[in-house]
Amino acid sequence: MLERRYLVLEDGTYYEGYKLGSNDLSVGEIVFNTAMTGYQETISDPSYTGQIITFTYPLIGNYGINRDDFEALTPTLNGVVVKEASTHPSNFRNQKTLHDVLVQYKIPGISGVDTRSITRKIRQHGVLKAGFTDNRDDIDSLINTLKSTELPRDEVETVSTKTPYVSTGSDLSVVLLDFGKKQNIVRELNMRGCNVTVVPYNTTAEEILAMSPDGVMLSNGPGDPDVVEVAIEMIKGILGKIPFFGICLGHQLFALSQGGTSFKMKFGHRGANHPVKDLRSGKVDITSQNHGYAIDKNSLVNTDLEVTHIALNDGTVEGLRHKTLPAFSVQYHPEARPGPSDSNYLFDEFMTMMKEFKEKEQTANA
């Protein structure tokens, strides 16, 4: 017989369902993701650190989970909410069920709830604090706890690598600042022959320049970009000296370093089907996104940044490029995983930028 579990929101709303995953109950910011597949990559994305994910697709876990498709070694989210969790996955690569993996990593979850209702509430009222309890009598107490709980805004230190390491390639060298990187960023660079050195989020400009890389990338990551001040100062120190490419949180930090400002979105962009328009070509890409903060377009007016991409759903800034220096960024995930590969060409643009900058430097020093 399935045991009861309750998902409780800070506004007093609660949903009765069934236990899924760990008995180590937790609280977090509840968000929703609209992707139909890719749940393994989603739950292992460090950008979800501290959050509780509501999957809008009604059946999650139907093709199981395997050891190769994790985007980080250890998932760091605080909970999973699904309409139905598959107990009998069918796929030749399947090794574990969703429930087994959630238990393994001490992540609580709930199934059998109306995920459409939860999603509508988040969409209408914005993200809320939420938590789980297995005892109906504890709901009122949990509501009070949620109201008084201050969720952390800075989760980058939790998920960033503590020591540098190298993913070997044979061509250009790239330093990747790890704010909670997805592994597929490294894969995309390695596929293009790059030698990738992954370094902690608080690595200084001087330390990066001492490595003499051909380019620098800033990864995705969780939390509020305003609190990662050390990275903002680092960007100021390398800009113009090395080609630069930022993704997601890296995009936001790039904008902040040049005088832009960020804001917390009502419910964010999380899914694998977000249309983005390239203002230079008019082309529309379907993109994978996962962010709760965005850059204020009006704050960029008197900066050296130009907006290159916008979200077609709400007009928010999705891409930036420096007007004179070799640096650009996107708010979405060109490496996908999960999601479409429409924007993989951005890695090729970064490769071209690095090669042209290197040739220019060599010519100048000849």
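Any Cβ shown, glycine's included, is placed from N, Cα and C.
Swiss-Prot annotations:
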type     : residues                                                      : note
ACT_SITE : CYS248                                                        : active site, nucleophile
ACT_SITE : HIS333                                                        : active site
ACT_SITE : GLU335                                                        : active site
BINDING  : SER47, GLY221, GLY223, LEU249, GLN252, ASN290, GLY292, TYR293 : L-glutamine binding site
DOMAIN   : 173-360                                                       : domain 'Glutamine amidotransferase type-1'
REGION   : 1-171                                                         : region 'CPSase'
Around the Cβ of TYR293 (L-glutamine binding site), other Cβ atoms within 10 Å, all chains included, total 18
Counting Cβ atoms within 10 Å of each Cβ, the densest environment among the binding-site residues GLY221, GLY223, GLY292 belongs to GLY221
Filtered by Cβ under 8 Å and at least 6 apart in sequence, the residues in the chain of SER47 (L-glutamine binding site) near it are GLY180, LYS182, ASN220, GLY221, PRO222, CYS248, LEU249, ASN290, HIS291
Whole-number Å distance separating the Cα atoms of GLY223 (L-glutamine binding site) and GLU335 (active site) is 20
LEU249 (L-glutamine binding site) -> DSSP, reduced to three states, gives helix
Between the C-alpha atoms of GLN252 (L-glutamine binding site) and GLU335 (active site), the distance in angstrom, to the nearest integer, is 17
Same-chain residues at least 6 apart in sequence with Cβ under 8 Å of the Cβ of HIS333 (active site), in sequence order, are LYS182, ASN220, ILE247, CYS248, THR287, SER288, GLN289, ASN290, GLY339, SER343
Note on L-glutamine: the CB centroid of SER47, GLY221, GLY223, LEU249, GLN252, ASN290, GLY292, TYR293 has further same-chain residues inside 8 Å, namely ASN220, PRO222, ASP224, PRO225, CYS248, HIS291
If you count the other CB atoms within 10 A of the CB of LEU249 (L-glutamine binding site), including all protein chains displayed, you should get 29
Once DSSP output is merged into helix, strand and coil, SER47 (L-glutamine binding site) belongs to helix
Between the C-alpha atoms of GLY292 (L-glutamine binding site) and GLU335 (active site), the distance in angstrom, to the nearest integer, is 19
Fewest C-beta neighbours within 10 angstroms among the binding-site residues GLN252, ASN290 belongs to ASN290
Listed in sequence order, the residues of the same chain lying six or more positions from GLU335 (active site) whose CB sits under 8 Å from its CB are LYS182, ASN184, ILE185, ARG187, GLU188, ILE247, ASN344, PHE347
Cβ atoms other than its own within 10 Å of the Cβ of the residue listed as 'active site, nucleophile', all chains, total 31
